[in-house]
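Peer 1: Annotation comment: TrEMBL describes Glu132 as active site. The Fe cation binding site annotation in TrEMBL covers Cys89, His131, His135.
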Amino acid sequence: MAIRQLRQDEDAILRKKCKEVTEIDEKILMILDDMLETLHSIPNSAAIAANQVGILKRLVVIDMGEGIIKLVNPVIIEAEGQQDCTEGCLSFPGKFGTTIRPQKVTVKALNENGEEIIITGEGDLAKCFCHELDHLDGEVFIDKVIEFLDV
């Protein structure tokens, strides 16, 4: 495993749409492991998308303290409710803002073994799913900010 360079601010790769993973091979597994190590190397981090480490693949790793979630080709299949959120992003250090996200989100993806999984998250996990899947589509949270916060 290795810590990868985090892409930040105006790096063009953050605005590019990630491509679907067609095969979960050793290279993809290594990228997922590297993403996890990179995530754990940054204090107070919860999740990371592959393009944040310069890879245009539909991969997300989440660790909010309740178990590691590795997602391959995730898609939101259901969203309901609404919540006001405070968001920040590893790729935009020091920037925080208020956004509106669904209260509950269901995601379908493959796990690292290639098995289809369906995960439902509420509150912070729902916000995290939306934030990271936006990354995979080349969208960043600052586009959705209603009000920037001084923190």
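One-based numbering along the chain as shown.
Every residue, even glycine, has its Cβ placed from backbone N, Cα and C.
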Peer 1: How big is the gap, in Å, between the Cα of the residue listed as 'active site' and that of Cys89 (Fe cation binding site), rounded to a whole number?
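Peer 2: A Cα-Cα distance of 10 Å.
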Peer 1: Around the Fe cation site formed by Cys89, His131, His135, which additional residues qualify by having Cβ within 8 Å of the site's Cβ center?
Peer 2: Ala47, Ala49, Gln52, Glu87, Leu90, Ser91, Glu132, Asp134, Val140, Phe141
